[in-house]
Amino acid sequence: MSDAILDVQGLVGGYGKMTILNGTSFSVPAGSITTVIGPNGAGKSTVFKAIFGLLKLREGKIVFKGREVTGLSQRELLTSGICYVPQGRNIFPELSVRDNIQLGAVVAGRDIIDLPVRIEAALDKFPVLRKKATQQASTLSGGEQKQLEIVRGLLLNPQLVLIDEPSIGLSPLMVQQTFNILKELRDRGVSILMIEQNARSALEISDYGIVLELGQTRLVDRAERVLNDPRIGQLFLGGAMTETAA
Amino acid sequence: QGAPIKLADVAELSGGGATVGNNWKNGIDLAIEEINGKGGVLGRKLEVTHADSQSNPGVARAQVQKALDNEPYVLLGPGYSGSVKVTSPLAAEAGIAHIMGGEAAELTQGGNKFLFRTSFGQQSSMPKVAKYINDELKAKSVAIVWVNNDFGKGGRDVISKEFAKYNIKVTADLSTEAGQADFAADVSKIKAAAPDAVFIYLNEEESARILKELKRQAVAAPLVGETTLVGQKVVELAGDAANGARGHVGLTTDAPVDLVKAFREKFVKKYNYVPDHNGLKGYLAIYMVKATTEKMGKVDAKKFADTLHGLTIKAASEPGILMDVTFDEKGDIDRQGFLVEIVEGKQVVKQVLPKLN
Amino acid sequence: MTWSGKHLRIALGVAVVAALIIVPMNFNRYGLYILSQWAVMTIAAMGLNLTLGYAGQVSLAQGAFVGIGAYAAAIMTTQGLPLVAALAVAVALCFAIGWILGYPALRVQHHYLAFVTLAFSTLAFLVFRNEDWLTKGIYGISNIPRPNVMGFATNRPLPFYYFCLGSLGIVSLAMWWLIRSPWGRAFVALRENPVRALSLGIDTRRYTLMAFAIGSALGGVAGTLYAPLTQYIDPVPFNLSLSLDLLMMVIVGGSGFFFGPFLGAAIAVLLPEWLRFTQGYYLMLYAVAVMLLLIYSPTGILGVLNRYLTERRTKAASALRAVAKSRLETAP
Amino acid sequence: MTAVLEVSNIKKSFGGIKAVDDVSFDVQEGEILGLIGPNGCGKSTLFNCILGQLAPTGGEVKVDGKVVTGLRPSELNRLGVSRTFQLLQVFPKLSVRENLILAGQEHQGTMMSRLLGPSDAGLTAAADQMIGFFKLDHLATEAAGGLSYGQQKLLDAAMAFMGGPRLVLLDEPAGGVNLTMLGDLKERLASINRERRATFVVIEHNMEFVMSLCTRVMVMAEGKLLAMGTPAEIRANPAVVEAYLGH
Amino acid sequence: MSNLLDLLVAGLATGAIYAIVAVGFTLLWQTSQTINFAQGEFVMLPAFLMLAVMHVGAPFWLAIILGILLSLLLLGLGFKLLLVDPMLRHGVLPLAIATMALAIGIKEAVKQFFSAEASPFPSIVPVGDVSVLGRVVSLQSLGVLALAIAAVIGLTALLNRTSIGHQMQATAQNPTVARIIGVPVERMILLTFLINAFLVALASLLITPIYLAKFSSGEVLGQAAFIAAIVGGFNQVRGAIAGGLLIGVVDNLAAAYVSTQYRAAVPLILLIVIILFRPQGLLGRPEERTV
Ligand SMILES: Nc1ncnc2c1ncn2[C@@H]1O[C@H](COP(=O)(O)OP(=O)(O)OP(=O)(O)O)[C@@H](O)[C@H]1O
Ligand SMILES: Nc1ncnc2c1ncn2[C@@H]1O[C@H](COP(=O)(O)OP(=O)(O)OP(=O)(O)O)[C@@H](O)[C@H]1O
Ligand SMILES: [Mg+2]
Ligand SMILES: [Mg+2]
């Protein structure tokens, strides 16, 4: 196991008085894809929000590249190399598709000289978006909006990508495409922390798997071991899905 | 040295009538300061509470009720005729004299024995204006521009009847809004009607604006109005567009009377601006209280109204009243009036309309 | 809600009602007038709270409906007709006009709807002012009689206050029933997510119109009480600023909360009176107070309370989670 | 067998874009029809046109042989047609239980009886049963807006069943739902389908789900109908593999 | 005919005034979803600030500069920090109500600390008339119109063409997401309020010589701006110009050809028709798709 790029230690926090995270701890090895799985409402998205400073923590700390980043602003986190693609619908509905994408590079501002080139490259991977570049973002279909978010999120040169259920709403082809992009990123040394309910395909491309339940880490292991763990399969991966169908 | 004499004032301190109410209030405060400075009335100081009616009759009623619950000597205000109408029955019921600023004709025609004006009602000022338009200007047709509130509408209704008596035709009858800024459409209507004279009955600021617009559209007919058309305030705001405007003035700080001039100086010194006629009304209200009380020789709220009816107060003996004045049985006022014209930014008195008796 | 909590609430309710009945007995005329005004404004604000707070339809016309009710009462009772007849006419009229005013809401929302209702409000004011033959125009209608209720004259301030309070009581009960009924839930659905509501068989069109019509009718009820309260009406009090005041009452009290209008109206009617001792500064202070209140709790006074209650509920939910968690941990 | 839903020549364009381009198909009573296709091919738009949420540019929709084009979504719903949404659509400030009661109440009694009757329209028991099934018990009194993504998705699906519909159009019900829960969901759909002869049309990108649940699958591409057949046929169709499934 | 032209030009002059107040109004909406019911008072106040500075003996030019700075401080920074920040997250209405209270507060403060009287205000545009379409128009009106147009062009360019503008829009449409992608949300909102404060200060400078400095003059302006913004299309800055001019013209024509008594209602009713047929306003964008 290589050095951890992100270290999450004993997070406790939640919404209002409600505690969702009960001492969540794990670490993300540098240059890997790590996938978090768990039942609905386990607190997966909440962990991501906590890492990205969107949730006030009561306890615990977050260490990125050896430096504590707990409580930093989103802007600071972005400049230090973390990017975050949240779950759900996160676009600017009244702006055009292209403007939405360009906003992804706000932090870098004029530092990125090759921004147009990068946008073009991203649009090559998601050709639908190129076709609709001037359309208002709200008119995109659900899956197209998700693609837009992914492109926007990856526009900078992040060292760590937090990506929350990218496959929701994407067609199988696009899921493959997205996972390929993530693999490419990993191969370039970028670390990826991903949440997925589409757990089988996700774990297949992952190096590590984390199982989260009731706000606690239940298991951290190499991805294939998680995938093949019979109890995990029973509890979180729907058992043998195809068999129950008759 | 007895306990202070309590007066209660309810006025339009905020809302649409704020300018009216604040002038009234300042006039009152000035007079009280003067009187108390000289030892008060019958050796007792005057004390006033001001309450805000928010220019809303409902609130005025509540405030008057509150004021009356404290059993004041005399009730002062409000200035809006509508508010006076709601509140005067309360004062009458409590048997308290009620000195107010409203000018609507009907206020004193309901037989209320406790209500008193501080200025001419429209029923006495408008006939003078109509007479002037007929006799001096020999107009056969007029345009009327009025502000659509109880003040403007009241004046317009009275003068329309007067015009009818003289067989003067009203060729344009234009209602405008309080606070209106753009008079282009109104003036172009006046132009189209081509009247022999224009009667303007608006508040000071709107008067200034319409005068500017009349000048811009080069309306040549003589412009006639009331205090609110020819006051110093209008001249200040309208500049040379005010030249040539004429009007009847019952109560004005520009009156060629030394006492009035002195009042104006005192007021400007204290408040830093030239008051309109409402400032005078408030000031006079307090001196009415003083003169009446001194006439009675005691502070007697029950007898106050009776005493003021039919009373004549001479400026010679009570300088604060500024000009000789007589109150009739209805609570209406009789006093000298003026016909003035603005000439090169100055009010010039063309005619003095003497007191009737 | 626990057993004791429920009883506590009932006890509190009874205490407040008793206080509203007993305490004012030795109030002077002014105090009674202000309290009556509070009751009347609460009714009007309750109507707006239904339209805006529950159903989410912005309306800047509630003041106009109060005006329509007031004129109906003034015109009819000065002609010698009883106030109940005026009430019936006012409610019917406001309901019908409110229903019609609801139609634009089917096409436009938010600020556009605000504009349409604002325009209506202006128009109503101009009709009150300009149609002399009906409303006596700017001079207003005076000598409006106060009603006899079941043989009791309400000319004196105290009986009239009880009359207003009783009306408020009846309206509150009806409103409480309405809000708790499936209709109330449908109104909230309209506010929260009209698209989803529509796909669940909720006839958003009919409920929108209903929300407008019922809310406006309550404005009419308030108006029929307002006229005999002041005994004189002219158009000025029913201009746009009354609508804005009512809006302020709803928001400051807590929009979408049953008791919001009671508190909002109390703030709007009573607070300025309490501040009167500061003379010229009272409106300024009132404005500052309203701003501070909203800064402290943007969801209105009841929003604070609600926050507190939600916290208690989440504590209970946390407990449930903890149980689930311990079950999981002891599981084989 | 009778056709519950007949869609003929439905078209919908936005400006110049033909989002749905002349699509026709029938759904038989008791059938579970899958609807798949690449992102942006017009699936959701087709649903919206069928349900009256959007006015189609052309074409006709029949439910139980009766023309319903031009009806409003609420009217359709009361004919027994309900739906779920792709993007989260719940009533965020209402509790989970209230959400469900709301979903069923317009199917109980009349306007008047709903005003005068009990405040829950007699649905608390039914709502709690639904809550139990979707394993949302500990969330019953919580505001729906505070639920996690998957939980809201489940709530949305639960709402579609509260009125006892005959035909349900589900737009990506599985997105974000945990696999174990998804297995349950599938069983539930299958059992409702069996017991009440309710008919489903399901948009979904989860192939395991679609292929194991549906009796027939329809594929759209660029607004047009590309293929229709049994799951096995679709899986083997090269055009579908090319446009949608990938290798 | 010449009468009609007269009215048209007069309407445009008044409309330009409404437009200039409406511009800032739509800007606040577009970039922070703020409905500022105190916008009229915002235009009224700077003139008084300048008068106050002149009162202590400063020359006019210094008063202008100080007045603008004070506006930036009070109506920009102060407004944003004290009122908008705590409420922005809680939807449109609480903030709208708070601005209503603010309007009362400003009015009362001016009345209390300055005067309830109207006072004249010096004009920075030379007093004089020019002839437009054969009718006399004051240079002041032209100045107002010029500023309104300049403001709209400038703001539209800023919002649609620059990164800052996009960030402002992003902030308004979804502040949480904007934050996530690193938009300095606070700074964007502040910038918006500063721009608005600057605009109202300029507007005040140009309008007050026409409207006179008076505590209540914001009432008419604020309402007209609100209406102009809606008619023009709330989500487009350039809509404010169209809306403002239209209101000015329709108002004059209504007064001349329909009824002065119903003057205030005629344009509103006409505009309702526009709204019902074009719910997004004249130049507005249609609202986004909902499902
Ligand atoms: N905004 C919120 N307010 C209150 N509670 C919330 C909020 N968001 C989430 N929760 C609660 O926190 C818990 C964890 O939510 P979270 O979104 O982290 O789940 P998750 O693991 O991401 O689930 P999913 O797989 O469905 O996305 C849930 O039980 C949910 O009810
Ligand atoms: N209001 C609109 N204006 C313009 N184009 C629109 C509008 N609504 C939808 N579209 C376009 O119509 C097409 C179909 O969209 P739709 O949402 O039906 O796709 P979908 O098949 O459901 O895709 P997904 O699988 O991503 O949900 C898309 O290309 C979308 O951009
Ligand atoms: Mg999640
Ligand atoms: Mg879709």
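Including glycine, each Cβ sits where the backbone N, Cα and C put it.
Features reported for this protein in TrEMBL:
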type: TRANSMEM; residues: C:7-27; note: transmembrane segment
type: TRANSMEM; residues: C:33-52; note: transmembrane segment
type: TRANSMEM; residues: C:59-77; note: transmembrane segment
type: TRANSMEM; residues: C:83-103; note: transmembrane segment
type: TRANSMEM; residues: C:110-128; note: transmembrane segment
type: TRANSMEM; residues: C:160-179; note: transmembrane segment
type: TRANSMEM; residues: C:207-226; note: transmembrane segment
type: TRANSMEM; residues: C:246-271; note: transmembrane segment
type: TRANSMEM; residues: C:283-305; note: transmembrane segment
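Cβ atoms under 8 Å from those of the transmembrane segment (C:160-179) belong to residues 17, 20-21, 24, 32, 35-36, 39-40, 42-43, 46, 50, 54, 146-147, 149, 154, 187, 214, 218, 221, 225, 228-229, 258 of the same chain, restricted to positions at least 6 beyond its ends.
Within its own chain, the transmembrane segment (C:283-305) has Cβ neighbours under 8 Å at 248, 251-255, 257, 259-260, 263-264, 267, 271-272, 275, counting only residues six or more beyond its boundaries.
Between the transmembrane segment (C:33-52) and the transmembrane segment (C:207-226) there are at least 3 Cβ pairs closer than 8 Å, counting only pairs 6 or more residues apart in sequence, which means the two stretches are in contact. Within its own chain, the transmembrane segment (C:110-128) is flanked in space by residues 57-61, 63-64, 67-68, 71, 101, 104, 135, 137, 235, 238-240, 243, which lie at least six positions past its ends and keep a Cβ under 8 Å from the stretch.
Put simply, of C:7-27, C:59-77, C:207-226, the stretch with the most CB pairs closer than 8 A to the transmembrane segment (C:83-103) is C:207-226. Outside the transmembrane segment (C:207-226) by six or more residues, the chain places 36, 39-41, 43-44, 46-52, 54-55, 57, 59, 61-73, 83, 86-87, 90-91, 93-99, 101-103, 105-106, 163-164, 167, 171, 175, 178, 183, 186-187, 190, 233 with a CB less than 8 A from a CB of the stretch.
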